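Enquirer: What follows is a single structure, and I will ask about it in a moment.
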Amino acid sequence: MFFKTLEEGTELWDRQKDDTEPLLPTTATRKTFDYVLVAHKVDNDNNLKAQRQKAFIQELEKKNITVTKIVHDDKVFFGLRAPTQIFQDYQYLLKVSDSCNWCGDVKGAVTQATRIRIVHFILHQTFLNTGENLEELLMKDVFETIFCLHERKQQKRLQQKWARWSALFTGQPVNEVKSYFGEKVALYYLWLGWYTKLLVPAAALGVVVFLYGLAFFNTNPLIKEVCNSSIIMCPRCDKRCDVWQLSDTCAYAKVSHLFDNEGTVAFAMFMAIWATLFLELWKRHRATYVSRWKVYDWCEEEEELILEIVNDPNCTPKHFTHSYLHSTLVLILVTLMLMLIIGLAQALVVFRVVAAPLLSECNCGFISDHANTVAMMLGAVLHYVTIQIMTRVNRWVSLKLCEIENPNSFAAAERSFTVKMFTFQFFTLFSSLFYVAFFLGRINGHPGNYVRIARWRLEECHPSGCLTDLFIQMAVIMLLKQTLNNIFEFTVPWLKSCLSRKSAKKLERKCGHCYRKTCRDEQGHVEPCEICKLRDWLRNYHLADTDAFSLFNEFLEMVIQFSFTTIFVAAFPLAPLLALINNIFEIRLDAIKMVRLERRLVPRKTNDIGVWTKVLEVIGVMAVIANGLVIGVSSDFIPRLVYRYRYGPCANGNTQTHCMEGYINDTLSMAFISHQAVRNDFTSSQMVTENGVNVTQCSYRDYRSNEDYSLTSQFWLVLAVRFAFVILFEHVVVVCKFIAAWFVPNNPIRVKNHRLHDKMSRLKEELCEMKCSRTTDV
């Protein structure tokens, strides 16, 4: 929005700010605990676990953290409450810091989210005299688990306004989410909501492109040529595969035209520019909110230093270190891991190569008749299973590599882990797709000189093109990944929640809400009885566990989806529509899971989605390259273009027929059984049609001479035009991306004006305080 004057802009900003001010109270009227530690009950005090538990609790008490112990059945619960002094020190250090002094936590009461974040850091930086910290004690089962508590009133408010299916098409209360879960979670939902909104035009145009292909479904001359053809095609495999009629694949040709037509070129260009506009507009959208939340200049590393000082005033900073040996080792291990992942993709290729002829030999009716398609779909399902297994392997390897690197801060470790995990996942997901897009049908050879793996021939493309294979592969993986992941993601914590409500309800009946009648302390806060405390702790204890990976998993899932939506969108114009439908439900599913079914995430402060922004930018560049190659190399757009203007009827001056008439026949070459090499590949029994007619020749997809099987001049012309198109496409789109990035500034004018006014007011306030202190001293 452009403002006529600076005053109008500032007034509108303040009015918007007042309308969106978080409704959550800064402090609870009922005294809450910052954290709860749970351990198994140990009867013998001399037991090593019991001694470690006691020692860790003593270390916490030395830091003036109040510990409330309650024993329930075979569990011991330790309620932890930090002293006020810790939070006052934190606020003071924020005020005097270089980058965090504009933060909203500098003044006023400390929110429960801030308390949780500080106590979480202190707990994980508390060490026994043996050097063990809480993470190691959890691994050694000294403590079973640790969690922060949901605030019941705020939790119910978020359930009513946001975390319910009836709010599917309503806006998100991002400010309340920020107050409850912290800026990091709020920015995830802000990003996801923005991504979903901008998917609407992309999905709409994708549907238009699909309908464009559907509109010419029955009138397209290429489809008619395939469906009415009498051409005999060469056997698809050795031994039991016979020659076949091109017209038998009429349905396949129709499907191919839906996803390989002139509209996909324009759509691919649009999506490449869309990815850039999405990122640039997201930066503006983010700037508006982080400025409103007063974390625009906030620095994660400086926040970590402040927390270290709060935890231990005598601490020393962790120095930056770099080891060329460690870096070389990590580089070698990453390379080996990528080679393993690519090797698995090649194994999937081998599976498809072997499965197709075996299925064609099984005499199973439909399966035998469509062996290649069935093998392709089985390969896609197997690819999905591989993805699920490798996701766990990739995470373990990424963590180990981060340990080797040994970053000096949590923020650096998180960035390093994110880059490695995404790289491994990207290769796991897309290696097979890259093979289908750029190698399938191009390295398989020709009759008399087939390329083989052992005794099996490599796969061939359909005469109508190779793009449908890529579409099927993407559709299966996207649908399975999104549908099954969402089902498991929701049902597992939901079932756990249903099974664990009984114990808390028993305590509720036993207590009878006695905290309403309990005496209040001097500040008016309520101290619940032990039964109320235990009931609340058990309610949170039985929820699904969360950790530092909980939000990372959500981001990774969405960024991978963004990759599918942009990188091969030329082969799958409906990908944005599937992503849009999924995301509408994903927002509510994640909200319900996070608010109702899982333990409370540790609120974390940030002002951006971090390294994910760089990852999205890389994906945007890859989308330009991949879509240019898909259209120029994988699709039949260029061969059709060359035929229309160089070899077709219209190019030869014949205007009585359609310009594309004869195109399918032009893309086929002939193999003669009289040739010795061809006779070695095809037996005489394979050269018999369904009607029992013996044939002495068959057709295959390629531009080769019928005499010596050498490549024709048309092949080299098509190849040259393909590469010329790829270069032209990528240069045009890259220029458009740069123009779009330049045209859309990262920060809205109103954000710049608001920050300018805010900085000036803070400087004036500091000057006023200094003058007042001088007057007092005098």
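Cβ from N, Cα, C; glycine included.
Whatever TrEMBL says is automated annotation, not expert-curated.
Not measured: the values here are computed from a predicted model.
OK, TrEMBL features for this one:
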{"type": "DOMAIN", "residues": "109-174", "note": "domain 'Anoctamin dimerisation'"}
{"type": "DOMAIN", "residues": "177-755", "note": "domain 'Anoctamin transmembrane'"}
{"type": "TRANSMEM", "residues": "198-217", "note": "transmembrane segment"}
{"type": "TRANSMEM", "residues": "264-282", "note": "transmembrane segment"}
{"type": "TRANSMEM", "residues": "328-351", "note": "transmembrane segment"}
{"type": "TRANSMEM", "residues": "371-390", "note": "transmembrane segment"}
{"type": "TRANSMEM", "residues": "422-441", "note": "transmembrane segment"}
{"type": "TRANSMEM", "residues": "559-585", "note": "transmembrane segment"}
{"type": "TRANSMEM", "residues": "609-633", "note": "transmembrane segment"}
{"type": "TRANSMEM", "residues": "715-744", "note": "transmembrane segment"}
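Set these features in their place in the structure for me.
Expert: The domain 'Anoctamin dimerisation' (109-174) scores a mean pLDDT of 90 in the predicted structure.
Here the transmembrane segment (198-217) has Cβ contacts under 8 Å with residues 223, 254, 257-259, 261, 263-264, 266-267, 270-271, 274, 277-278, 281, 565, 569, 573-577, 579-580, 583 of the same chain, all six or more residues outside its ends.
Residues 191, 194-195, 198, 201-202, 205-206, 209, 565-566, 569-571, 573, 576, 613, 616-617, 619-620, 623-624, 627-628, 630-631, 635, 637, 729, 732-733, 736-737, 740-741, 744, 746 of the same chain sit 6 or more residues outside the transmembrane segment (264-282) yet have a Cβ under 8 Å from a Cβ within it.
Sequence-distant neighbours of the transmembrane segment (328-351) (same chain, 6+ residues past either end, Cβ-Cβ under 8 Å): 378-379, 382-383, 386, 390, 394, 397, 401, 404-405, 420, 423-424, 427-428, 431-432, 434-435, 453.
If you look at the transmembrane segment (371-390), the same-chain residues 6 or more away from its ends with a CB under 8 A from one of its CBs are 236-237, 252, 341, 344, 348, 351-352, 355-357, 359-360, 424, 428-429, 432, 459, 469, 472-473, 476-477, 480-481.
Away from its own ends, the transmembrane segment (715-744) comes close to residues 269, 272-273, 276-277, 280-281, 284, 620, 624-625, 627-629, 631-633, 638-639, 641-642, 646, 702-704 of its chain (Cβ-Cβ under 8 Å, at least six residues beyond either end).
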Enquirer: Going by DSSP assignments with H, G and I as helix and E and B as strand, what are the residue counts for the domain 'Anoctamin dimerisation' (109-174)?
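Expert: Breakdown, helix to coil: 33 helix, 4 strand, 29 coil.
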